[in-house]
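Shown next, in structure tokens, is the structure this report addresses.
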Amino acid sequence: MITNVGAFLQLAVIASAIKLLLVPTYRSTDFEVHRNWLAITHSLPISKWYIEETSEWTLDYPPFFAWFEWVLSQIARFVDPAMLVVENLEHASGRTVLFQRLSVTVTDVVLLTAAYALARDLSSDDCSSPLSGEGKSKIKKLQGPRLQAGGVAEEITVAPTTTSHVASSGRGHGNSSIHSDSTGSDMRRSIALFFLLSCHAGLLLVDHVHFQYNGVMIGLLLWSLYAARRGRHLLSGLLFAALLNLKHLFLYAAPVYFVYLLRHYCCEGTVLGPACAEAGSGARSPAGQGSGKGSSSERGGYGLGRVVVRLALLGAGVLAIFGVSFGPFIIMQQMPQVLGRLFPFGRGLLHAYWAANAWAPYAAADKLLSAAIPRVAPRLGLDLDKLGLQIQPGAANMAGGLVGVSRFSVLPQVSPAATALAVLLTLMPCLAALWAGDGRPGYIRRSIVRAVSYSFLSGFVFGYHVHEKAVLVALLPLVVDAVRTPSAAHRFLLLATAGNYGLLPLIFRPQEYGTKILVFLSYFVVSMVALGSIHPEMQLDSRGTGVAGDSAASHTLLSPSEMQNTTSPLNPSLKRRAARSPMKGAAVFGRMTKLYLAGFLAVELYVSIVHEAVPALRRRLPFVPLMLTSVYCSIGVLTVWVDMVTEWVREASMGWRKRQKH
């Protein structure tokens, strides 16, 4: 267990100091949005919260967030009462700006405490426990008679978290050397996790420059994941239910939570959900995860009464939370008005700033076709009216950055139902794997964070009217896995680069250009150094077949799953090299990935210099900078998504085959 609180406190102070330095920077219209919500919740009765339309920035978050604004307004009235007047549109006095900026910084304590809890839990998982699941059993095997002269077992594969410890222990150091190395490694992991969460570049730019309250909500999500990892499944579910009533964006993870809670809380150890442990192993995962032998009735699978009790308890808790949130509006018969605010499907598939998801290249193709077809059709003798194509002048300007309803000119329209179906279909492998498990203790402890991160990424990639800022809810949970396995670290680095760069157009003033680039690059470099230093498996000899070598894997843009598999000590060609400098430890990408990352420099040069320097480009192609940014970032996002869905398909297949054998 990590006890060095001082290191985490220092990082928390550094993170808070950075946020304070950003107080005078640019603030978007979201600043006025939240000021207006402060005024609405403070000055008007609850019956008018979702009806008030004095400002165009009407209240469109769930009721718990409205009450969050109400709590802030009780303090705001002592700072500047004028900010709480609904009619004071665009009010931004010095006191108002300072209060709202500080309110974001102070409420980030939810994120900081959740990051600290996860950091301590991670150290408990990997050091004091001493190891969970696969790593635990394999350490025992490595200490047995199969240990060869080189310190490598004959017939087993070592988990990434244990490989470096075993390889460095050599032949004669024994358990004390392994424990010493493990303690230092786990401390680095915990510190890296806390930094990557508390100083996340995207969160700094969106919350503390652009202005939003994502930190407090993502912090609550992390607390829910912490509870799940600790085996407190009911608490995890209730925290997630409360989160849904703060911001409905988190609804994308609802199917994952439903299957997780039904299978691993309600049905665990019954005929509906046999225990997630190898039969007869008697192993128990940390913090009560899974069930080893259990009682005879549980082993027989007949604890259906417990299923009913737990299902009733969970259902009652969730209904109580939603009842407190929406109950007043149901009584006032305002639910249609509230739901209309929460789900404005009339806004169209795309936000004004394209999110870097699957619809970015789709929209780009439509824009290119709408620009090319009117020029090509007359030469081919085609009548656009007969073809049913009505391309309006300026249709290619949809990515100009203005908020409004967007429609495609050439390609078919994509309905909300189609995007919802796409998200559900992409979640199926993950849901199947969660239900099947892998037959080993602690499955939820190892997999829940990855599952939730994947669900948010799927929602971001295929969701309807997704904002570019939504990538944050997929990115931050992925940090927990990134410090544990090299494959997750590889995913995180690429997704963080593409996702964070896709946020830069939100901050468009020249005054903040240096600030946003500095924040983006600093986080990228520190992340590479931190993750590279705690994953020696990534540092492969140039003659090997890993990401640093010359194999086929290194010629693909991303293959983190394959990279993780190639780190097995069974492959003698994969020799680890000692990292004599932090930057050597940061070299974790293959050739194509490096070329892709270098491409961001070319994109930035065009967007910031070339396009602005050529008046003809600005006049005739105003949509190109945002389109180029979104499409290029979507390449990295989609690559990570493809790798994750492939892993879930493989995991689901293996899990169900194992269930059939038992």
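First residue shown is number 1, and so on along the chain.
Glycine too: its Cβ is placed from the backbone N, Cα and C atoms.
Please treat TrEMBL annotations as automatic predictions, because they have not gone through curation.
According to TrEMBL, the feature signal peptide maps to 1-17.
Sequence annotations record features per position, and here TrEMBL assigns transmembrane segment to 235-254 (among others).
Below 8 angstroms of C-beta separation, residues 46, 50, 62-64, 234, 237-238, 241-242, 245, 261-262, 265-267, 270, 272, 337-338 of the same chain, each at least six residues beyond the ends of the transmembrane segment (307-331), sit close to that stretch. Feature annotation from TrEMBL assigns transmembrane segment to 307-331 (among others).
Summarising the annotation, TrEMBL assigns transmembrane segment to 417-436 (among others).
The feature transmembrane segment is assigned by TrEMBL to 448-467 (among others).
The transmembrane segment annotation in TrEMBL covers 487-508 (among others).
Annotation source TrEMBL lists transmembrane segment at 517-535 (among others).
Note on the transmembrane segment (595-614): residues 494, 497, 501, 513, 557, 589, 621, 624-625, 628-629, 632, 635-636 of its chain, located 6 or more positions outside it, place their CB under 8 angstroms from a CB of the stretch. TrEMBL lists 595-614 (among others) with the feature transmembrane segment.
Taken from TrEMBL, the feature transmembrane segment covers 621-642 (among others). Non-local neighbours of the transmembrane segment (621-642) in the same chain are 353-358, 360-361, 363-364, 367, 396-401, 457-458, 460-461, 468, 471, 491, 494-495, 497-499, 501-502, 504-505, 557-558, 596, 599-600, 603, 606-607, 611; each lies 6+ residues outside the stretch with a CB under 8 Å from one of its CB atoms.
Residues of the same chain lying 6 or more positions beyond the ends of the transmembrane segment (417-436) and with a Cβ under 8 Å from any Cβ of it are 252, 255-256, 259-260, 263-264, 273, 349, 447, 451, 454-455, 458-459, 461-464, 645, 648-649, 651-652, 655-656, 658-659. Only residues 6 or more beyond the boundaries of the signal peptide (1-17), in the same chain, are considered here, and those with a CB under 8 A from a CB of the stretch are 105, 108, 112, 116, 119-120, 123-124, 127-128, 186-187, 190-191, 194-195, 198-199.
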